[in-house]
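K.L.:
Let me begin by handing over the structure; questions about it come next.
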2 protein chains.
Amino acid sequence: MPVNLKPIDNAQLAPIAGIDLAYAEAGIKKPGRKDVLVIRIDKGNTVAGVFTQNRFCAAPVQICKQNLDAGVQIRALVVNTGNANAGTGESGRQHAREVCAALAKELDCLPEQILPFSTGVILEPLPVDKIITALPTRQPATWADAAEAIMTTDVAPKATSRTIQIDGQAVNITGIAKGAGMIHPNMATMLGFIATDAPITRPVLTQLVKEVADLSFNSITIDGDTSTNDSFMLISTGQSAAPRIDSVNHPAYEQLKAALLEVSIELAQAIVRDGEGATKFITVQVEGGRTVAECKAVGYAIGRSPLVKTAFFASDPNLGRLLAAIGYAGIHDLDVDRLEMYLDDVLVAKDGGRNPLYKEEDGQRVMKQDEITVRVVLNRGLSNATVWTCDFSYDYVKINADYRS
Amino acid sequence: MPVNLKPIDNAQLAPIAGIDLAYAEAGIKKPGRKDVLVIRIDKGNTVAGVFTQNRFCAAPVQICKQNLDAGVQIRALVVNTGNANAGTGESGRQHAREVCAALAKELDCLPEQILPFSTGVILEPLPVDKIITALPTRQPATWADAAEAIMTTDVAPKATSRTIQIDGQAVNITGIAKGAGMIHPNMATMLGFIATDAPITRPVLTQLVKEVADLSFNSITIDGDTSTNDSFMLISTGQSAAPRIDSVNHPAYEQLKAALLEVSIELAQAIVRDGEGATKFITVQVEGGRTVAECKAVGYAIGRSPLVKTAFFASDPNLGRLLAAIGYAGIHDLDVDRLEMYLDDVLVAKDGGRNPLYKEEDGQRVMKQDEITVRVVLNRGLSNATVWTCDFSYDYVKINADYRS
């Protein structure tokens, strides 16, 4: 079960003026399941996104990038689960275009004004007819429905909202996301959609989506696998009365970014809390590095090590495995005699070895918790980074050995 | 159980003239277990090694490097299991030196003429007194005993031999190794010792150990974790009547290297076959890359992906996970439309997607085997590399969650 993941409550999710949601049950993988989501956006919006770095990026990712680059007004996003439309070559791109065309016809716009997204099994042809047949049958949806409609192996839907005031005007932000395996930096089998009614110009939105992704969705790992389909989209409908944010120097930029970060970090952490088979939520804080990149490298070495993750699963303070992971993180001139490692408030390692005052029972106490912070102080610079991850359990193997059956 | 790992038979293991083996039961982790091995070498030998790249490299690794650099004649290697003496700082180095000094006193040589090795749990003080007390109690050992004495979580001992003729003179090669988790390129929690009676100069031996390691022990992965203690040593006693190999251009160099490679690849593969929880042995052959490094990167992306490894465990031809791994292997200009992927003889993917002639039952047939070759043809250059790995099972989690208890 997810680790301390609050159930979502639709009453807590702010509607975003200028967006209609609808879902359909296309029976892509099995019948009677919300597996298609349409996010329709009024004219006057701006949309920006970041996508997987995987060279086998899925057909819908390729089409999304093309359509965003075309500079046309986006009118809708269409998401299907149950099939990733990845590793499907030219016919996959054709299928994605057909889905866009079908929705475009109905919305009386160009296919290029639709952004397609897919998540699910790789290397199988998209059942495009099922999706096109189901599109006209779609039902109005709440944000809670939308969060449910994009789930694959997720145990629970993920959604959250914030409302802030900019110049005395309410600005709403609501986001949804899905995980739950193949999660690693530079995106994952993860989809994230955050919409706000704040008016934001496209260049500012493009900058915001990168900055926000780096500190949230690009700071989590479940299993080190970077997926073919990861996409994180920011949508601005512009229908709030707040002033338009047209520059990163705008007085409200930092305030808006902070609120977007709260939403995206909560969603990214929710993905980890619902990581496949997760029983613990681990925060890895790396401090005092020369660069953010080297701090992240240490965070990820710890966060993706199967040996570290199985030790967390067992509540076993087998902390040498953490040191080993730090040692192979790729900092070639790391002086291990200078670093400190803490488990919550317990100083475990210093001077290149175990803290003489460290007691096994202190480590044991922290390891038994279901939320644990590993803090590594490199003592060689002023940069920091935080990575979130989960443990590695029997259920991870079970879920991934059974996924297609 | 190990995957198709032949039991070792001491009668098949050639003694190496100039080497005496002995084991002791020091009770480091539990009583009644061979946990200390001494490899004593006659004068006139040469010794060379390669070691872990992990920055938290263990105290014995540091001492080994110092002693090899000192240029003195090596007289013995001493190995303990049950404790890695890693993450132990200055006191760890002191402990390793004390073990060397105790054995040196007995052998009437300098402590610098002893090479120490440790494997086992990290971050706990080496029980140096137990080892020193046990050293004089040691019993003469066969190579089979020696293979057993260096085991940790290994299910079975690993040893093999070859005898070749150089200029009509017999040359014997015998090696032992241990795994079995924390195995990743640039060494692992792995120890490998190969001895030969062929006379080889130190510079040639130093070159040989690197070339041989790259194509064997540095081409395997169990879990992507690079250990603190990995060491692979080549020992030449020089007691064969074969001519001394004093240059890489010596007529017998390639012949000797081929034989050493056979031994080291068999040992490296044995480590994978006995990988923690392994039920399948996977060969990943990557061809047609621009460089060996990029071929290895693809091989390792596949070989360490938990999603790929759990699919192998389940015998599930969920082959999209393999493509995803190829896609995130870090070849930024990889043209996925040009590559081909085979499972044994079955062409699974080409033209950026699934081979239209591919049938699920063909994939299924291969996935059910316990030995599988994944062949990736990148079609962008002339370089190749092979990586060996295993699947990821419930037992991997069980073994690593229970390791210390």
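Here the Cβ of each residue, glycine as well, is placed from N, Cα and C on the backbone.
Just so you know, TrEMBL annotations are computer predictions that nobody has curated.
Annotations for this protein, taken from TrEMBL, read as follows:
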- A:Thr152, A:Lys178, A:Thr189, A:Glu276, A:Asn400, A:Ser405: substrate binding site (BINDING)
- A:Thr189: active site, nucleophile (ACT_SITE)
K.L.:
Count the Cβ atoms, other than its own, that fall within 10 Å of the Cβ of A:Lys178 (substrate binding site), considering every protein chain shown.
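P.N.:
Other Cβ atoms found within 10 Å: 26.
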K.L.:
Just name the binding-site residues among A:Thr152, A:Lys178, A:Glu276, A:Asn400 whose Cβ comes within less than 8 Å of a chain B Cβ; none is a fine answer.
P.N.:
A:Asn400
K.L.:
Could you tell me which three-state DSSP class A:Asn400 (substrate binding site) falls into?
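P.N.:
Assignment for A:Asn400 (substrate binding site) reads helix.
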K.L.:
Among the binding-site residues A:Thr152, A:Asn400, which residue has the largest number of other Cβ atoms within 10 Å of its own Cβ?
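P.N.:
Top count of Cβ atoms within 10 Å goes to A:Asn400.
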